[in-house]
Amino acid sequence: MRPAFAVGLVFAGCCSNVIFLELLARKHPGCGNIVTFAQFLFIAVEGFLFEADLGRKPPAIPIRYYVVMVTMFFTVSVVNNYALNLNIAMPLHMIFRSGSLIANMVLGIIILKKRYSIFKYTSIALVSVGIFICTFMSAKQVTSQSNLSENDGFQAFVWWLLGIAALTFALLMSARMGIFQETLYKQFGKHSKEALFYNHALPLPGFIFLASDIYDHAVLFNKSELYQVPVVGLTMPVMWFYLLMNVITQYVCIRGVFILTTECASLTVTLVVTLRKFVSLIFSILYFQNPFTLWHWLGTLFVFIGTLMYTEVWNNLGTTKSQPQKDDKKN
């Protein structure tokens, strides 16, 4: 029952989170910092109350390791949100982040000296081709949709290139963080809920450097049109409502993934997260009427087929949590 409940949390939380994030980004494209701060603050307060027991519970993993992890986690979160300011459309943002398999495999080979089967290399090749197709077609849209002068069109394209560079950096940094977490869990045991708290609590002082931008957007949020919250009947600026719902759905999403990791095999978690990304992508395209050509659909198909091939779903449908995962082969 808990796995089914967790799957429901993942789909409901993560998919609705994408909706409210795009509503925020469409109205104020530069609001990534205030969104990230609100998410971190909410999860940190919840973790301080229920996981850290008001600071009385010592961490199972030494703080110095969390400082390293938090530095990477904070950087990934900020860069991913800031990429939306650089002419990166939400569908491309979602598809590009689906390339985490590529980054994990590359860094796994370089850092952990892992070796993979030909089947897995093929799946990664499909994901790479899919991302390249979507990236290339989005690049054409950025230049062709500019009705301004040639210089303005070139400037938009340069900002788009910076956005792609930001996404690439965040993708590699996220994969490196995953490898770092893997080594920590092997040494100290799995403490996912504790890691969730420290990953969000320790970076909070870093937002001091972003305080001016956060304050400016808070002022803009206050000036947005009023919205009456259904059922509750409370009236508040609509941007604050979007932010509140984004924070809540982000928490629901993360908690759902956490329950899945404790209740299900890693194969099941990967499959659920992959399908969730696909549902979020389709909904974003249809609901917000984002431009999506047949080439984009082909690229998307490659990305998700490659991801499913990587998980070897058809060969492991009977895999249970107690069975060993035949994932990678080390030399």
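Glycine is no exception: its Cβ is also placed from the backbone N, Cα and C atoms.
Here is what TrEMBL says about this protein:
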type	residues	note
TRANSMEM	32-51	transmembrane segment
TRANSMEM	63-83	transmembrane segment
TRANSMEM	124-142	transmembrane segment
TRANSMEM	154-175	transmembrane segment
TRANSMEM	196-215	transmembrane segment
TRANSMEM	227-245	transmembrane segment
TRANSMEM	257-288	transmembrane segment
TRANSMEM	294-313	transmembrane segment
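Same-chain residues lying 6+ beyond the ends of the transmembrane segment (63-83) with a Cβ under 8 Å from its Cβ atoms: 32-33, 35-36, 39-40, 93, 97, 163, 166-167, 169-170, 173-174, 176-177, 180-181, 184, 195, 198-199, 202-203, 206, 210. Residues 30, 33-34, 37, 39-41, 43-44, 47-48, 51-52, 59, 63, 66-67, 69-70, 73-74, 78, 254, 258 of the same chain lie 6+ residues outside the transmembrane segment (196-215) yet bring a C-beta within less than 8 angstroms of a C-beta in it.
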